[in-house]
Amino acid sequence: MSFLHTWLLFTLVKAADPPCSLRGLPNPPQLSRDGDVIIGGIFSFHNSWEQTPDTFTSGPQQPKCKRFKFTNAQTMVFAIEEINNRTDILPDLSLGYKIYDSCGSVEMAIRASLSLVNGHRESQSCSKPETVQAIIAETSSTPTIISHFATCACLSDKRKHPSFFRTIPSDYYQSRALAKLVRNFGWTWVGALCSDNDYGNNGMNTFISAAKEEGVCVEFSEAFFRTDPRENILRIVNIIKSSSSKVIVAFVSYSDMEVLLREMALQNITGLQWIGSESWISDMNIATVEWQHILMGSMGFAIPKAKIKGLGEFLTRLDPFSDVELYKELWEMIFECKLAPQENVDMKDICKGNESLSEVQNQYTDVSELQIANNVFKAVYAVAYALHKDFSCSKSDSKGKPVCCYDCIPCADGEISNMTVSCLKCPPELWSNDRKDMCILKLVEFLAFEEIMGIILVLFSLLGVSFTMVIAVIFFAYKDTPIVRANNSELSFLLLFSLTLCFLCSLTFIGRPSEWSCMLRHTAFGITFVLCVSCVLGKTIVVLMAFRATLPGSYVMKWFGPPQQRLSVLGFTLIQVIICILWLTISPPFPYKNMNYYKEKIILECSLGSNVGFWAVLGYIGLLALLCFVLAFLARKLPDNFNEAKFITFSMLIFCAVWITFIPAYVSSPGKFTVAVEIFAILASSFGLLFCIFLPKCYIIILKPEKNTKKQMMGK
């Protein structure tokens, strides 16, 4: 099997815990060396075992390991010693190691894992970690909480295995490649075998799915494990013998494949085309003369070969007289002798200790195809580089870069990290606090009466009301004078009343928006302004009609007398009332929490509901204002000493200019400034009408009373 899993376990501050009482015998590592940083390792020094029968008079015995396989563990030792001799990686630290033998057993691998995590001595606590910062471990996919050579695609699930690390792709890609390989040779009727574990089952499921896509039919799919009863192995062999497919795809580990091949050799089953996974297709224990006639012509995908400079020399420098029992076992296996005299051992079989490993050829000294060992070598260096990066961080290096050395990188705005190592996004109406550890309510912003801008606008609104009231009092006091009577006093008082409403309606735009205030502000604005412009339009028409009435034979004034003037104002205003009713009925304005302008706060504003309704109200006001401006412009040169038309022209010019500039300002202003722009337009246009139409009259009434005579009014 392929792939590398490196698990970094950075130890935290240890608390004082009671001593741990181990069950069973202590489990010390087979290979160990002290260092500032310890790396753990779990390898199959032996790739098979025999279980000692239970006697029921003593505790369970340790399995007896067989078939020595030591290269992977020695590669880890070599990589650590090479790193310790380098000055560019971890120059101020030395790496140590604790390496265990799993014997290819899941149970022994788990026990070794617990020993690395919790320690193996009575004086240590079971609840705190051992001084191991990283673990490179196990070859099979089933016990891969920690693994250095597992290819199961199931381990790619980061939710279940967040710290899993590989150096080559998962079995997902190999399974699909095997299906394409079978299809490429035109084999559309195949059998399938897999190991009954995570590696085999997941790999075979992917292969079968990919085979269907490629148009390949699978006659049978069987799973088995090397510890299964012989009856199950015989059943699978009989299925192979009786099947019509002559192509067998085997997604099987090398240990399971050996068990199957041993039974097939006994029954002399040949003539099959085998397609193998990387676990056994290039394994030296499988490629033997014993099974050559069964596996002739086998194909599959193998892990790329690699060379590790200096590893060959390191492997041959082994000292058989060291305290490491594994070195003695390896020496005796290679040279087929014993290092110390024992009973029933011929003296000629005694090892001298000066035998040369460089002069023998076996799997241990063969470094021509370092497939699995190369992954172990890369795993150690991956750990070393990760530790080097962490330990070499400094304050001077971190300017403009994310912080390191166990400091948390702050979450982005709007995200928090609450007792986790990942950032969580706050709900839409919440925002992160300064420490990024809690979501708090966003600040709700609207144009309030208490803020400076709101106070200023309120003052201008009340100032406009005050001016209007003063002018109304003046006009009422001098209502019988020629200048007031000559300019249609009834429409003048109605215009002053509508201007008062215009100034007051601006106050409805200030404060927290509610359902009723949103509907009131737009409808009040629309109706009061139409009433105001209708009065101005009526006064303009009166000026034109009055001039026409002075011509001989003209009777136009009887068609536009005071009743007709009142009806025209009522009619123009009623149209706006109907538009507002339709707007409020179909799609009325409503309070809306706008979160688009600012991420950190909510803009509480009145949504228009219907854009058509809003622009219809505004468009109708503009239409009346434009009509009034055109009529006033035509009447500006009428021959009266006091011609009101020219003042109406100026007022309408200001009115139109304000609302034309309002449109782009309204569309582009963000948040509460949109409301401020609308209030400013209301106040500016209202002041323009008030001052242009009434201020000249007040000037004559108060400061130039000699001009307030009928003779002066009819001077021309």
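Cβ coordinates come from backbone N, Cα and C, glycine included.
TrEMBL labels come from automatic prediction, so no person has curated them.
The signal peptide annotation in TrEMBL covers 1-15.
Panel annotation: around the transmembrane segment (452-478), residues 484, 489, 492-493, 496-497, 499-500, 502-504, 506-507, 510, 672, 676, 679-680, 683, 686-687, 690, 694, 697-698, 701-702, 708 of the same chain, lying at least six beyond its termini, place a Cβ under 8 Å from a Cβ of the stretch. What TrEMBL lists as transmembrane segment is 452-478 (among others).
Here TrEMBL flags 453-716 as domain 'G-protein coupled receptors family 3 profile'. Per-residue pLDDT, averaged over the domain 'G-protein coupled receptors family 3 profile' (453-716), rounds to 81.
Taken from TrEMBL, the feature transmembrane segment covers 490-511 (among others).
Residues or ranges marked as transmembrane segment in TrEMBL: 523-547 (among others).
Per TrEMBL, the feature transmembrane segment maps to 567-586 (among others). Long-range neighbours of the transmembrane segment (567-586) within the same chain, counting only residues 6 or more positions beyond its ends whose Cβ lies under 8 Å from a Cβ of the stretch, are 491, 494, 519, 522-523, 526-527, 530-531, 533-535, 537-538, 541, 609-610, 613-614, 616-617, 620-621, 624.
Residues annotated as transmembrane segment in TrEMBL: 614-635 (among others).
Residues annotated as transmembrane segment in TrEMBL: 647-667 (among others).
Look at TrEMBL and you will find 679-703 (among others) tagged as transmembrane segment.
When each of 614-635, 647-667, 679-703 is scored by its Cβ pairs under 8 Å to the transmembrane segment (490-511), the top-ranked stretch turns out to be 679-703. Sequence-distant neighbours of the transmembrane segment (614-635) (same chain, 6+ residues past either end, Cβ-Cβ under 8 Å): 522, 525-526, 529-530, 533-534, 536-537, 540-541, 543-544, 547, 572, 575-576, 579-580, 583, 589, 608, 643, 645-646, 648-649, 652-653, 655-656, 659.
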